[in-house]
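**Q** Here it is, the structure, as structure tokens.
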Amino acid sequence: MAYSSINNLGWTTMIMALSPNLAIMNIFTYIIMTTPIFLMMTNMSTKTLQNLTTTWTTSATMTLSTAFLMLSTSGLPPFTGFMPKMLILNELISQKLTTLAALAIMTSLISLLFYLRITYLIMMLTSPTTTTASTKWRAQNQKLQLTMMIPTALFTTHLIPAIPF
């Protein structure tokens, strides 16, 4: 997640001189997406990628939400994280900075590879039909903040065009 912050900071600094409002929107969108990820990882006591393979034993819903939030943070098109990148690329191309836009797309593919790897580890590596004797205890308390933050982080794409720049 630290490398994700560095990647997002690169997108933000790249557009800061051309459109400060777009840069601020990019930061706020990133904060809205990463806050539930960190809260879920704290709630499920995940510290390593190996721990992510058994998160379904803590909560299957949180595991699915974590996978979708990871894909959203990567900037995959149907999710919220894609919209700031698309608007930044649009601004770069309209300012005749096509080479910089192409470089940004190429570096974005590298981070997408890492997020897809994490999503693969979460969703497909460990089957949910394995024995429960070696699994973690299920979480007893589900936080209300997470249930409100996850849909906000995943499905706010339709609100982005309404923001004036």
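Using N, Cα and C of the backbone, Cβ positions are placed for all residues, glycine too.
These came from TrEMBL, pasted as-is:
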- 1-111: domain 'NADH:quinone oxidoreductase/Mrp antiporter transmembrane' (DOMAIN)
- 112-164: domain 'NADH dehydrogenase subunit 2 C-terminal' (DOMAIN)
- 20-39: transmembrane segment (TRANSMEM)
- 60-80: transmembrane segment (TRANSMEM)
- 100-123: transmembrane segment (TRANSMEM)
**Q** Near the transmembrane segment (100-123), which same-chain residues lie under 8 Å Cβ to Cβ, leaving out any that are not at least 6 residues past its ends?
**A** 3-4, 7, 10-11, 14, 49, 52-53, 55, 63-64, 66-67, 70-71, 73-76, 85, 88-89, 92-93
**Q** Could you tell me how many residues in the domain 'NADH:quinone oxidoreductase/Mrp antiporter transmembrane' (1-111) are helical, how many are strand and how many are coil under DSSP?
**A** 88 helix, 0 strand, 23 coil
